[in-house]
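Undergrad: Shown below is the structure under consideration.
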Amino acid sequence: MMTALLLNGIPYTVLEPLDTVVPTVGFSSVKLSHRSYSVVIYDLGGGAQIRDIWHRYFVDVHGVIFVVDASDVSRLDEGRKVLETLLTHDKLAGKPVLLLANKQDKEGALDELDIVERLNVEAIVNQQRCPTLVETCSAVCRGHGRRKVDPGVHNGYKYYH
């Protein structure tokens, strides 16, 4: 079983009705199973106050899932600073990072290349030697009358398998 740390977003919300999903304010965890593997996700809110406890979970996790709102350009500078602070922590050195550029359903959402550039991802992960995958996604991806996992989220979870 793998344990991942989810920061700033909820990629597993595609498994829940959207009207029941609220942003994480504190801490929650969820166990996801797919075929022969399972993942425990520690979901930590992204607010400035809650970031002070993130480090308590670093030792226990095998990787980090960092979610950014790709449609909110005004917060990307803050996201870059948070990502840099996060990945320079010695307990996360070398651990894989999945960066999800969420809200691709919104007009003006940035693609992978723009997110990588705006967050300075290449320099940060190369310096910290963190294998990294950047995927675009939308938590509102739906199939015909049933919930459907966004391909970016699906690829991200396969990345950790």
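First residue shown is number 1, and so on along the chain.
Each residue, glycine too, has its Cβ placed from N, Cα and C.
Predicted automatically and left uncurated, TrEMBL annotations should be read as such.
When I checked TrEMBL for this same protein, it listed these features:
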{"type": "BINDING", "residues": "Thr24", "note": "Mg(2+) binding site"}
{"type": "BINDING", "residues": "Gly46, Asn102, Lys103, Gln104, Asp105", "note": "GTP binding site"}
Undergrad: Using all protein chains in view, find how many other C-beta atoms are within 10 Å of the C-beta of Gln104 (GTP binding site).
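TA: Here the count is 20.
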Undergrad: I want to check the contact list for Lys103 (GTP binding site): same chain, sequence separation of six or more, C-beta distance under 8 angstroms. What comes out?
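TA: Within the chain, Lys103 (GTP binding site) has Cβ neighbours under 8 Å at Asp69, Ala70, Ser71, Asp72, Ala109, Ser138, Ala139.
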Undergrad: Under a three-state reading of DSSP, tell me whether Asp105 (GTP binding site) is helix, strand or coil.
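TA: Where Asp105 (GTP binding site) sits, the three-state DSSP reduction gives coil.
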